[in-house]
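Enquirer: Encoded as structure tokens, here's the structure I'll be asking about.
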Amino acid sequence: MVRPAQAPPDKFGVVLVLLCVGYLVYALTAAPWAHWVVPAVYLAALSFAVRTSRPGPRVRRLVRVLLAVSAVVVAGALALLPRDAAIGVLDAVLIVLLGTTLAIILGRVLSGRDVTLSAIAGALSAYLVIGLLFANVFGVLAWVMPEPFFAGGQEADQQSLQYFSFTTLTTVGYGDYTAASYPGRGVATFEALVAQVFLATLVARLVASFRRPGAPPEQGPGVAPGPATAPGPPGTSA
């Protein structure tokens, strides 16, 4: 008897850990080596997200190409370009990587039927990706705009931009960092809006998918439960 092949276990917990590592590296240091480590961590996170989500062959091929091209572009930019241009290119590449990761994670989490630890890890990963994604969007804006990004004239490096992104995402708004121009303000407002819509949608989806342990799966509309079968008399067979 041939046993059916089992699906590989979900690895959203690994994705969440990798994203947290990338966040902490930029939060704790501005050393040049961080610009090499963080993209490598995000490449690994996207790879594990694809393994867990198990998309179709076409999507997997596209992701493989994206991983290879991103690695080459990041390495070339950091090795050959001036610092400001290299960081700008790095931010642009990370926007594509994190955006792809977000789409893949959401596609799996929102289509899931059960609330599991892996689904929760996937939801947390998606929320974290949003903050990291907008931090790189702010980085590209700071690169292309002639005026300083922050109204107070602070340096718009990875640490400050990530801090600004997550205080915006969580609507904390300490006020110590404020975007100086309307493009930066508009993107920051949009990030806060995306965060609110994401949380409302995700919570509703998880609540709708929640079932108590041992509860039977919900039947679709128009499907009536089958009639109960009474036990026959002793000694009879169906």
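A Cβ is built for glycine as well, from the same backbone N, Cα and C atoms used for every other residue.
Note that this is a predicted model, so its numbers are computed, not measured.
According to TrEMBL, the protein has these features:
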type: COMPBIAS; residues: 228-238; note: compositional bias 'Pro residues'
type: DOMAIN; residues: 162-209; note: domain 'Potassium channel'
type: REGION; residues: 214-238; note: region 'Disordered'
type: TRANSMEM; residues: 12-28; note: transmembrane segment
type: TRANSMEM; residues: 34-50; note: transmembrane segment
type: TRANSMEM; residues: 62-81; note: transmembrane segment
type: TRANSMEM; residues: 87-107; note: transmembrane segment
type: TRANSMEM; residues: 119-145; note: transmembrane segment
type: TRANSMEM; residues: 187-208; note: transmembrane segment
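How buried are the listed features, and what sits near them?
Expert: Here the domain 'Potassium channel' (162-209) has, by DSSP, the following mix of helix, strand and coil residues: 36 helix, 1 strand, 11 coil.
Long-range contacts of the transmembrane segment (12-28) within the same chain: residues 34, 37-38, 41-42, 44-45, 48-49, 52, 101, 105, 108, 117-119, 121-122, 124-125, 128-129, 131-132, 135, 158-159, 162-163, each at least 6 residues beyond the stretch ends and with a Cβ under 8 Å from a Cβ of the stretch.
Outside the transmembrane segment (34-50), and at least 6 residues removed from its termini, the chain residues within Cβ reach (under 8 Å) are 11-12, 14-15, 18-19, 21-22, 25-26, 59-60, 63, 66-67, 70-71, 74, 78, 86-87, 90, 93-94, 97-98, 100-101, 104-105, 108, 125, 132, 158.
Here the transmembrane segment (62-81) has Cβ contacts under 8 Å with residues 35-36, 39, 43, 46-47, 50, 55, 89-90, 93, 96-97, 100, 104 of the same chain, all six or more residues outside its ends.
For the transmembrane segment (119-145), the residues of the chain that approach it from at least six positions outside its boundaries are 10, 12-13, 15-16, 19-20, 22-23, 26, 42, 45, 49, 52, 84-85, 87-88, 91-92, 94-95, 98-99, 101-102, 105-106, 108-109, 112, 156, 158, 161-162, 164-166, 168-169, 179, 181, 183-184, 187-188, 191, 194-195, 198-199, 202, 206, 209, judged by C-beta separation under 8 angstroms.
If one looks beyond the transmembrane segment (187-208) by at least 6 residues along the same chain, the residues whose Cβ comes under 8 Å of a Cβ in the stretch are 109-110, 115, 119-120, 123, 126-127, 130-131, 134, 137-138, 141, 164-165, 168-171, 179.
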